[in-house]
Amino acid sequence: MDIAIQHPWFKRALGPFYPSRLFDQFFGEGLFEYDLLPFLSSTISPYYRQSLFRTVLDSGISEVRSDRDKFVIFLDVKHFSPEDLTVKVQEDFVEIHGKHNERQDDHGYISREFHRRYRLPSNVDQTALSCSVSADGMLTFSGPKIPSGMDAGHSERAIPVSREEKPGSAPSS
């Protein structure tokens, strides 16, 4: 017999006023004013609305671009050093894995780990792939595309991650 577990009536009635960040990807990074009191911005001015979302690339969400000449992945890895990252190519996939052990930050101790997997286009030259992390923590994985009919060189191999000294970001669309 399944029993539905529900919040107490007062939490259901006031649901919009309770922050729910348990499954948010920003969990553990601290609370913002709008997390605690989201109704304040609308009561102060009906036309003022605090943004509930951070920029896409600041949130750890990746951006993939595939144009005529090249294939590029941009990924925010600001919490990881190049030594914490592993990038490898297997068949038609690139796997990016980041892991750092427990360390202290502003809110206590934290350890992080992520695993991303992307399908490479069949015409990407896998012998010319490169990966770097900019000074501001933006990982850029790229590879040129080859003309149709040429061998793209599919095999498993690790891609070294280099560090750039200048800040980098994804070009705007």
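Counting begins at 1 with the first residue displayed.
Cβ coordinates are placed from backbone N, Cα and C, and glycine is handled just like the others.
Note that the structure is predicted; figures quoted are calculated from it, not measured.
Database features (Swiss-Prot):
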- HIS100, GLU102: Zn(2+) 1 binding site (BINDING)
- HIS107: Zn(2+) 2 binding site (BINDING)
- HIS154: Zn(2+) 3 binding site (BINDING)
- 153-167: compositional bias 'Basic and acidic residues' (COMPBIAS)
- SER162: O-linked glycosylation site (CARBOHYD)
- MET1: N-acetylmethionine (MOD_RES)
- SER45: phosphoserine (MOD_RES)
- LYS70: N6-acetyllysine (MOD_RES)
- LYS99: N6-acetyllysine (MOD_RES)
- ASN101: deamidated asparagine (MOD_RES)
- SER122: phosphoserine (MOD_RES)
- ASN123: deamidated asparagine (MOD_RES)
- 144-173: region 'Disordered' (REGION)
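By the criterion of other Cβ atoms within 10 Å of the residue's own Cβ, the least surrounded of the recorded positions LYS70, LYS99, HIS100, HIS107 is HIS107.
The two recorded residues, LYS99 (N6-acetyllysine) and SER162 (O-linked glycosylation site), have Cα atoms 17 Å apart. Rounded to a whole number, the C-alpha distance linking HIS107 (Zn(2+) 2 binding site) with HIS100 (Zn(2+) 1 binding site) is 16 angstrom.
The number of other Cβ atoms within 10 Å of the Cβ belonging to the residue listed as 'O-linked glycosylation site', over all protein chains shown, comes to 10.
The CA atom of HIS100 (Zn(2+) 1 binding site) is located 32 Å away from the CA atom of SER122 (phosphoserine). The modified residues under consideration are ASN101, SER122, ASN123. Their Cβ neighbour counts within 10 Å are lowest for ASN101. The Cα of LYS70 (N6-acetyllysine) lies closest to that of ASN123, out of the recorded positions GLU102, ASN123, SER162.
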